[in-house]
Amino acid sequence: MTNIRKSHPLFKIINDSFIDLPAPSSISSWWNFGSLLGVCLAVQILTGLFLAMHYTPDTATAFYSVTHICRDVNYGWVLRYLHANGASMFFICLFLHVGRGIYYGSYTFSETWNIGIILLFAVMATAFMGYVLPWGQMSFWGATVITNLLSAIPYVGTTLVEWVWGGFSVDKATLTRFFALHFLLPFIISAMVMVHLLFLHETGSNNPTGIPSDVDMIPFHPYYTIKDILGLVLMLMALLSLVLFAPDLLGDPDNYTPANPLNTPPHIKPEWYFLFAYAILRSIPNKLGGVVALVLSILVLAVIPLLHTSKQRSMTFRPLSQCLFWLLVADLLTLTWIGGQPVEHPFIIIGQLASILYFLIILVLMPLASIAENHLLKW
């Protein structure tokens, strides 16, 4: 009799995906972030579900329902801060996961990569709508500013904004639909994650060398289950430290003031993980141009596979490309810093230069460096 995990229709799928899956023997800790993202998603869905049991999506009571969760619900404060800081961990893991994909050339798995980009957009949309729900000052004004960007679309813009708002301003209808969509999207994301994994398992994982590893594969369990558990423990330690010692470290103090349409905060800014894109948006004086740049700042990832001019897949043995990659990382950190600063000299010019450099590195310098490396290696 064959083992039930290899014969049962349902267990067989799980077995082929997480137990007997052949994995390259050389994959490093940079390959841990996929499983960490799965854990982040599960944590967000569970904490979100319990928060939704106590939350009321109504402009009059939303802010006070969140206060009620923190003060009166058993361990409600843990749920709320796990959910808020869990989103930050989610984005840290996402950025590292995408960075790993760029560095090691994993983007050559085009289906997996493109679904990953769609997932990134979906997670960003979910996080944005979630930020609106506590109905604090930054929630309200963030929603107003970001949804207003749709009005830059020629001809249909204004109609589209009013359609999203459900009225002539961000109000009760907006909050209700944002709550409904914020609840729904993580389940759609979960389904897309399965498709992401389906395409990944069609090709098998990449590895740090970028060389096909079919000749040297090991089973996922126990080797990588143990390795993933180590990553998981480290991530949970970081998350719990944040939740229990500095829960408001990454939040905005303005969001502890109930939303007031008559009083604009001095600096409207999104959560830290959107600041790089927000800086790119602000660096262009034209509204439509800014919106286009904002979308392109993420969509540019879809062009990376088309601009792969190197004869090697990974950057492991490509020092020029490595320098540009780390310059890109430094540039993104600069943009994140600028996004949180007021719109005044010298921050405006720094933001504009960093935005130009961001697109220049990805679209021009990296392909040119790859061609140069090919010539240096006489390929």
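Quick reminder: no glycine exception, Cβ is built from N, Cα and C everywhere.
Per Swiss-Prot, the feature transmembrane segment maps to 33-53, 77-98, 113-133, 178-198, 226-246, 288-308, 320-340, 347-367. According to Swiss-Prot, the feature heme b b562 binding site maps to H83, H182, an assignment based on similarity to another entry. Swiss-Prot lists H97, H196 with the feature heme b b566 binding site, giving similarity to another entry as the kind of evidence. The ubiquinone binding site feature in Swiss-Prot is assigned to H201.
A map of Swiss-Prot features onto the structure.
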residue : record                   : DSSP class
H83     : heme b b562 binding site : helix
H97     : heme b b566 binding site : helix
H182    : heme b b562 binding site : helix
H196    : heme b b566 binding site : helix
H201    : ubiquinone binding site  : helix
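Note on H182 (heme b b562 binding site): other Cβ atoms within 10 Å of its Cβ, all shown chains, come to 21. Residues of the same chain lying 6 or more positions beyond the ends of the transmembrane segment (347-367) and with a Cβ under 8 Å from any Cβ of it are 279-280, 282-284, 293, 296-297, 300, 303-304, 307-309, 321, 324-325, 327-328, 331-332, 334-335, 338-339, 341. A C-beta separation below 8 Å, combined with a sequence spacing of at least six in one chain, links H97 (heme b b566 binding site) to F33, G34, L37. Of all the binding-site residues listed here (H83, H196, H201), it is H201 whose C-beta has the fewest other C-beta atoms within 10 angstroms. In this structure the alpha carbons, written CA, of H201 (ubiquinone binding site) and H83 (heme b b562 binding site) are 30 Å apart.
Across the fold, the C-alpha of H182 (heme b b562 binding site) and the C-alpha of H196 (heme b b566 binding site) stand 21 Å from each other.
Note: the stretches the transmembrane segment (113-133) and the transmembrane segment (288-308) are in contact (3+ CB pairs below 8 A, sequence gap of 6 or more). If one looks beyond the transmembrane segment (178-198) by at least 6 residues along the same chain, the residues whose Cβ comes under 8 Å of a Cβ in the stretch are 17, 38, 41, 44-45, 48, 52, 55, 57, 112, 115-116, 118-119, 122-123, 125-126, 129-130, 132-133, 143.
The transmembrane segment (226-246) shares more Cβ pairs under 8 Å with 33-53 than with any other stretch in the list 33-53, 288-308, 320-340. Rounded to a whole value, the Cα-Cα separation of H83 (heme b b562 binding site) and H196 (heme b b566 binding site) is 24 Å.
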